[in-house]
């Protein structure tokens, strides 16, 4: 490492001497014209040569060679110190150090660098044990023989310099053990030293007069190195040094840092007294905090207010629409009552006239009138027939009466037609295939009130239609079923043949030889004792059974197609209520509808579906209530269960699976849920659900029953109304006052012996079902088919005994292979893409991203208190670290920035865990239903960008204004923004790959460990390759570089030495920012891949 030091240290020393000679000395009146001409002649091209050398040999610590060169050694503005020196000592060029001497000095200085180290050099040609002249003492210098011409720039050996030894001039420094002098850089204060009789030191320097030389006096400065070794020549704090021999006190309203060449005006609103070293900018930190708090309050308040106002307006629109529809329905009911009264009078009049006169020529007209009245659904004004004797009516009078009645009927028809046409603009049922008419209706329904009117009117018409459907004739049912005005869903029939599910690795049979099918428009209930494989059977039909081997066939509409090809029109309700607790009931349902319904649907259609589901599930009263979480109570458990089911109902599925939807519900809630499912079944939905011990009333609401026994064997599959008939044929009769499903399950559990004259063992029931339906018998049950003696459980027990006889090594190997196969199946199941056969085109990723973004922003706003806690913790951390940490000039604040990296990484990484760990179950459910994982991930990340921008400002509002480094606030802010972006992505990965506990532990340990590796690598270069893979190393380098750029002039050696020791480069700031950002991008890619591949529980 040391062999590379001369490359940049020589350049710095050479600059100090050469720049002095480049100064425009002819502007000083006291200088000789011959000397100025000599300088111009000898070093006219030195500037370009030196800047080129600095760029190539010291590029890592020189930002702009010409700028750094001028800020350290451009004395042209004030050459007073040079003129004074030449007046006292004559030709200065004979006393200046050559290239060889500068190399010799700098190599020795940096070999002994550090506070308190000796400033003497190793022996050389002029100063050694045998030759020690006065010029070898610190602060003194000699000159070379005037007859010897020295080349200052290209000398390779130290010249003989032993004559005319004198004290070093002001503005120069003369090292101990070297007989030449060098100019002090700008920002240094190098006056002549004065002896302190008390301490014996030559102040302000730290060297002593030589013993035994009473005539030797104090000279000038004796060293220029880093701040730790030559602190005495740096211009003091609270002062500024316009030249290297002048020192001025900092005036009032200004401040002067160490090494300043001019005073800097204090910022506004800050009062600086005279002799101030640094301005107190705490007020700006407080102002920034106030501004951030105000900004956040405005954002939260305005956003919350906007959401509240929008919700209130929507609720009012909904109430107005409901009230309007109710009034309209009430009016229509009155009109229908009046119409019925008119019909009654007309029929009475017609019957009376027909009975008394019955002219044949009027019979056809009367039939037409009667048929028109029957077909008309509008009300007719009552007619008042004359009470005079009908026998006195003549034929002419009859014609007049009939014409009058016909005219009144025509007018009434016109009136009702006008009313119907008015109502029809809002209430007409549109054909789904007529896109143009739907588009026109969408344009007309420009506000929420009109949309809700349409939705509620449709719901009322559906209710009325359902009431009428109770008395329909067969021909009317056929006519309604074939009507093109009724929207139909694709029908899905699921058949299974010899379906067997075996758990991989352990070869345990979960389902065995199941045969049957579930039909559209039916509600099939799966029942059985615990361990019968009910949920496994449901998962197998839904295509969610992973880590298992499946044999047999599952047919979709008679074709062996994968169920995943229809997942856009298949709903699966999990056993747990997986809903977003920080959203309202309506927001949960509306989001599911928008993302999963066909993109061809207009907004009005989606609203209609949403309102229909809310109405059917009885959620009107809690539609605007938060669902609630464990910490914050919301709606009741039964309502939450209905919301869980409603998430699938709003997407209008053709096939709906439900895993124990009635568990934990009372009888009324269960009945309400079954009624809603019955409404779906009427629309042709194939519904299959697992149920535990339903009441008799609920049991009668099912169409089909699938009864499973332990071991995954089927006992019954058929109509609910025929189940007692089937078991009665086996001699099993349900006792009075006993619920049939409970009794059958108790029998299958072996808890109850069947009351039968013939001996029927419950273990034989699956085999009897196979024999009853003619299903093929498995090989291991062939003997049982003939003898009906060997039980299923006995067969399972024998298998278990075989497993127990396996060796430990073989069992361990099977477990390892099983785990590998399970993980492989999970990845295959999650990444495999199926051909879409559903015929539904859901919204694109961009549209779903917009929906996800709106939902995530609502959730983020409702977690304002949690966000405020994060900001408060960052604020306290910034204040604490800013108070106890001082930005050291020796290493440009590397230690303080290390603490910042740890604190910010830890706090922001833990906060980022909430983005994906809290709603991991919800994501698994949504992704399994076909929603875009990319849209979900990008929306979460987009919302978190707000924290990425705000949190650095919150932290720096305390840390920066407490420490007040030389780097700008913007530079620190940019680095922190990139750092927060990086650790947020790592937090995503931890949240997705790990459970909450380990994720939090890793989020705490990783920043600390990586930062320690990055800082230890500064002293141990064997760790540098590892440190380059750690983001704290690049963040620390970016912080240090941003600060080091602000150190120039007398700080040049300190800057180069510190950057060299740290292994940093002044030009690598952009590279550091890029690497930090790319680390964040890479972490997000890894996290997203984990979302797609990890098993979904």
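Placed from the backbone N, Cα and C atoms, the Cβ positions cover glycine too.
Please treat TrEMBL annotations as automatic predictions, because they have not gone through curation.
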| request: Among 897-916, 917-936, 937-956, find the range that TrEMBL records as transmembrane segment. | output: 897-916
| query | Looking at the ranges 349-379, 380-410, 411-441, which is given as region 'Disordered' in TrEMBL? | reply | 380-410
| note | Per the Cβ filter (under 8 Å) with a sequence gap of at least 6 from its ends, the transmembrane segment (868-885) is approached by 289, 292, 296, 893, 895-896, 899-900, 903-904, 907, 911, 947, 950-951, 954-963
| query | Does the transmembrane segment (1001-1018) come near the transmembrane segment (897-916), with 3+ Cβ pairs under 8 Å (pairs 6 or more apart)? | reply | yes
